[in-house]
């Protein structure tokens, strides 16, 4: 793959690269004690607004409106209800943006709408996570201070430039998505906001797991780990019935609700549920070393084919193309997993 092709798959990469000197400058000024706490907030917020205007142009307004609305809700609604209000605001606005931009005849060479949608999706993650922290008492807002002292940290957190352009923007090409994670985490690291051990989206262990695992469920947990943790906390742990299905259904909503996304994520949920039933059944019968090797090798191939099928479905934008995928021979393996789930429904599952 040529670098020019990679930049087409990563349209926000030039803006991330341009932000590296400012991230390094911010880290240096903080480490040397030249920036007060208020100055740090202003630096991060100003950098975020400048980066948004540069990368998104007029579409930056679509990001600034929900950010301002979420700050207003966080400051005015009680902790008992703040998460509900922020969730409703962010997902309603994000859905309107997805539907509105997808219904317009946009220039395919113009990456600004896609960059704006990516930033809005990431904003939804940050705003709902913060609201949930406030709801659970993990974070306490100091509302007795002045308006600036209350508002500035929230605005800075929601729009700070090292993490503004992260999120699911690029195509699901392997190499492209890995490069996407590398840029995200490198920019955060340079600015001094590097993730804690095991909390990032990219590590050699994770790359090895993604490429070698023979289980669909393990792949689902390892792929885009920060989003997986957010979905687990926001949906899976709070859903009283069918949490797995609800999590993947919400993920399709968060990604945009295109036909391919709805089908792909619901198919992913079925594949994970089948994975929980199939592997205990097969591993119990793989007693000899040769049979174990055959079992792991075969299920690794199946996992790679199923993941490829799901990612193709998620990337499919039209219903007609989705029908072609559904009626092709590529659907045989996912249908087989679905049939195995029905046959093994009463068997114990292994998470």
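Positions of Cβ are set from backbone N, Cα and C atoms, glycine also.
Pulled from TrEMBL, these are the features on record:
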type: TRANSMEM; residues: 42-65; note: transmembrane segment
type: TRANSMEM; residues: 72-93; note: transmembrane segment
type: TRANSMEM; residues: 146-165; note: transmembrane segment
type: TRANSMEM; residues: 293-312; note: transmembrane segment
type: TRANSMEM; residues: 324-345; note: transmembrane segment
Surrounding residues of the transmembrane segment (72-93) on its own chain - C-beta under 8 Å, 6+ positions past either end: 65-66, 120, 123-124, 127-128, 130-132, 134-135, 137, 141, 143, 150-151, 154, 253-254
The transmembrane segment (146-165) and the transmembrane segment (293-312) contact flag, 3+ Cβ pairs under 8 angstroms: no
Cβ-Cβ under 8 Å with the transmembrane segment (324-345): same-chain residues at least 6 beyond its ends: 263, 267, 270-271, 273-275, 277-278, 281, 302, 305-306, 309, 312-313, 316
Other parts of the chain folded back onto the transmembrane segment (293-312), taken as Cβ under 8 Å at six or more residues beyond its ends: 172, 212-216, 219, 264, 267-268, 271, 278-279, 282-283, 286, 325, 330-331, 333-334, 337
